[in-house]
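Copied from Swiss-Prot, the annotated features are:
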BINDING   86, 88, 89, 109, 121, 122, 172, 179, 258  ATP binding site
ACT_SITE  248  active site, proton acceptor
BINDING   249, 258  Mg(2+) binding site
């Protein structure tokens, strides 16, 4: 199969980017590639052979049809208008045309200086590229909309962060890299015609069913609201904290993008802050749904020159309903409830209150809940709690609720095990792989990637054990 690339952004949106080539690293070498994703994309195995060098993965060559460019956008960061931002370290190499008619972006992170690098050096480090590759593939395996990682290249280039680190590149694959901040950029530059031009572009390429509809802009924004609300519900369900939900990190397609100081919950603490630069807790785990709406409000403001304010507000008013409907559906599945009753939220909230008081492990608690037998008063989860009386009280209510379900125990438990992962990407697991990779040993990186592909499978290794004390509630740097 020959890879085919289009250049829609390059050809249709002049003034939205700067064309430039990647800047290769010193002695770049491929250390990991995503064979499964490569197969899905039809990427020839020969491109990953050691004798071919870093090639396109290290920005040393381009594939036919690629027109590399850096996109310009702006955004609100931590609630404050930050002005022009843009691709400061990444370059959109091209858009691959797939056999099903869709396209995907090939975006090279760490590709060197661009006009939008500001005070940065245009580079990424091995630590951050490993973290993004692990997180994006973990989220994909959990069924959450996300960008993907295709390859990692390391090098002898030294990059200054808190300390000197190895320069690296990551090939990111996504349906689109359009962010809320793309629209904000031209709105604040008082160029509403370009905001509309970009809206027309994304509708044509990602919502073609509405391209000729008189209400296409309203229908499109309504769907952006719904996708964002659904994504927030997914994050909350699996215990994922993004850490830096600036408007320039919000995907117009409702994808999880820009993995930086993220973290999955260990102990259930709703105020968990994974980003050590988030001093006020703006992007804490429990605040994410509210921030999602705030970011949509900023997007709506940017679209107000050509969408009526009333229509924008009507769409925004649907956010909470979509969020709670999707979240409720997902959490009922985690509880093994196939039907819906009025008191289901009370059961869930009582469990969360108990978990929060005890610092119960979020992932392990729900996984073990899948071993419940509705006609047995015993639960293997009981030994996980110090407050046995509190657990017994909650479990009696939960078991009574299960008894009103017709689904047999074995079928319900199998269903629960298909939605409650045995394994998530805990920060300490990622850090262990990073530490070894920085010493030139990539075996753990490969092992961890392999394990993350099947998060719902039972395991008996430390990938599913409680984190060590040093690994709990890790806060991570924004630096990449």
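Placement of Cβ uses the backbone N, Cα and C atoms for every residue, glycine included.
Feature map: Swiss-Prot annotations on the structure.
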residue : record                       : DSSP (3 states)
86      : ATP binding site             : coil
121     : ATP binding site             : coil
172     : ATP binding site             : strand
248     : active site, proton acceptor : helix
258     : ATP binding site             : coil
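Residue 248 (active site, proton acceptor) has its Cα within 10 Å of the Cα of these binding-site residues: 86, 258, taken from 86, 89, 172, 258. Here the Cα atom of residue 89 (ATP binding site) is found 14 Å from that of residue 249 (Mg(2+) binding site). Between the CA atoms of residue 172 (ATP binding site) and residue 249 (Mg(2+) binding site) there is a gap of 14 Å.
It is 11 Å from the Cα atom of residue 86 (ATP binding site) to that of residue 249 (Mg(2+) binding site). Residue 258 (ATP binding site) and residue 249 (Mg(2+) binding site) have their C-alpha atoms 6 Å apart, to the nearest angstrom.
Comment: ATP site residues 86, 88, 89, 109, 121, 122, 172, 179, 258; largest CA to CA distance 22 Å, whole number. Of the listed recorded positions 121, 248, 258, the Cβ environment within 10 Å is emptiest of other Cβ atoms at 121. Taking Cβ-Cβ distances under 8 Å and a sequence gap of 6 or more within the same chain, the neighbours of residue 249 (Mg(2+) binding site) are 75, 179, 242, 257, 258. Counted within 10 Å of its Cβ, the other Cβ atoms near residue 89 (ATP binding site) come to 22, all protein chains included.
In this structure, the binding-site residues 86, 172 were compared by how many other Cβ atoms lie within 10 Å of their Cβ, and the smallest count belongs to 86.
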